[in-house]
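Peer 1: Take this structure, written in structure tokens, and hold onto it; I'll ask about it next.
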Amino acid sequence: MSFCKWVSFALIIIIHLLNSCQISSSSSLTSNGFSQIPPKFLALAKRDDFFDWMVGIRRKIHENPELGYEEVETSRLVRTELEKMGVPFKYPVAVTGVIGYVGTGQAPFVALRADMDALAMQEMVEWEHKSKIPGKMHACGHDAHTTMLLGAAKLLKEHQDELQGTVILVFQPAEEGGGGAKKIVEAGVLKDVSAIFGLHVTNQLSLGQVSSREGPLLAGSGLFEAKISGKGGHAALPQHAIDPILAASNVVVSLQHLVSREADPLDSQVVTIAKFEGGGAFNVIPDSVTIGGTFRAFSTKSFTQLKKRIEQVITRQASVHMCNATVDFLNEEKPFFPPTVNEKGLHTFFKNVSGDMLGTQNYVEMQPLMGSEDFSFYQEAMPGHFSFLGMQNEAHSPMASPHSPYFEVNEDLLPYGASLHASLATRYLLDLKTSSPDKSYQKDEL
């Protein structure tokens, strides 16, 4: 063989080998075993066309933020993208929610959740795709969450024939205090689901890292507002008035004792007064004062005890100062969030899947946080797992925390979230089939 012919033959062999190593959307996910599913999905999600598509969606959502139960245009965008994929869905669910379905249409069922709502705050980040709605901003990453779940839907649809059951896509409204998850559960659309998974972006981890823990992850939370009424009068003649400001001040101090002197130091709890309104003049004692705040705990027992004692302290301390007090826990409009608690088996499963995709060194064990999440409503109804996905770019300055007007999303994390969602769902269904080959699942059609 001449040198030129040998070189040509070698080039043909090399090209063939390279092509055989590339991942295409039609390749089998399980051709090299279950452990290869996550890295294959990640490679697919990192394709230029796929990444650009996700970035475009995220920026559209970011420019048009909508508050809880007002996500009309956001849910319209979600439905439009699902229709393009050929993914069936139900709408409306829980006012503005969308529930999509990918797979066989039969049991077993596994769910993936993303929240869609924004926050009532003015964006201070100056960039091309800044919020176009004054006083509203995606400052907690829900625009990225929605985008990543749409990305997962696209990946799953491309491999629908390999799904061993049905993936339910939950595009949820009103996480920010509105309890949208509670309404989703009450709607009954998840009654046959075996497990549900949720992700949240975080600036506390580097890009490509994940964090979670078994057991209690986030606290249960509630809100309260109290009106303390006295008798107004001239500030120079306090003896003729009943001062609600003095009463309210003592209430605030006494409430701090609930944690420092009544709670077990090993049982984390929080009571914070974040609102104090009373009076509008320098020389007038007002008729009433309004205070408000939040309380948090990791157990239902501690949470219930805090609620009981908050009401007692407010009403009785007000009485000491000859004032009257009423307490409203606002549960109708802002329902109490239960603690977010990860099921042990699902946490082990999550570590295995994320380890296969990112490497076990990129899992970070998380300490419990006093923040709260309405994902906990799903966990009360079915096994569930919640985790955090890093987006901090080490080459840039530290990113602002959620709920800051300077909050930003590193869009490079979008492929990670989409592929992790898709991997968790696909692997969960495959694991169910292989671990219970003789199990007879209910064959209800959607």
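If you go along the chain as it appears here, the first residue is 1 and each next one adds 1.
Glycine is treated like the rest: Cβ placed from N, Cα and C.
I grabbed these lines from TrEMBL:
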- CYS140, HIS142, GLU176, HIS200, HIS403: Mn(2+) binding site (BINDING)
- 220-318: domain 'Peptidase M20 dimerisation' (DOMAIN)
- 1-20: signal peptide (SIGNAL)
Peer 1: Out of HIS142, HIS200, HIS403, give me whichever of these binding-site residues has the highest number of other Cβ atoms within 10 Å.
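Peer 2: Max Cβ neighbours within 10 Å, all protein chains included: HIS142.
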Peer 1: Using the centroid of the Cβ atoms of CYS140, HIS142, GLU176, HIS200, HIS403 as reference, list every other same-chain residue with Cβ within 8 Å of it (recorded Mn(2+) site), in sequence order.
Peer 2: ASP115, ASP117, LEU119, HIS138, ALA139, GLY141, GLU175, PRO402
Peer 1: Across all chains shown, how many C-beta atoms besides its own are within 10 angstroms of the C-beta of CYS140 (Mn(2+) binding site)?
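Peer 2: Neighbour count, Cβ to Cβ under the 10 Å cut-off: 22.
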Peer 1: Might you list, by sequence position, any residue in that chain lying six or more from GLU176 (Mn(2+) binding site) with a Cβ less than 8 Å away from its Cβ?
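Peer 2: For GLU176 (Mn(2+) binding site), the qualifying residues are LEU67, GLY68, ASP115, ASP117, ALA118, LEU119, CYS140.
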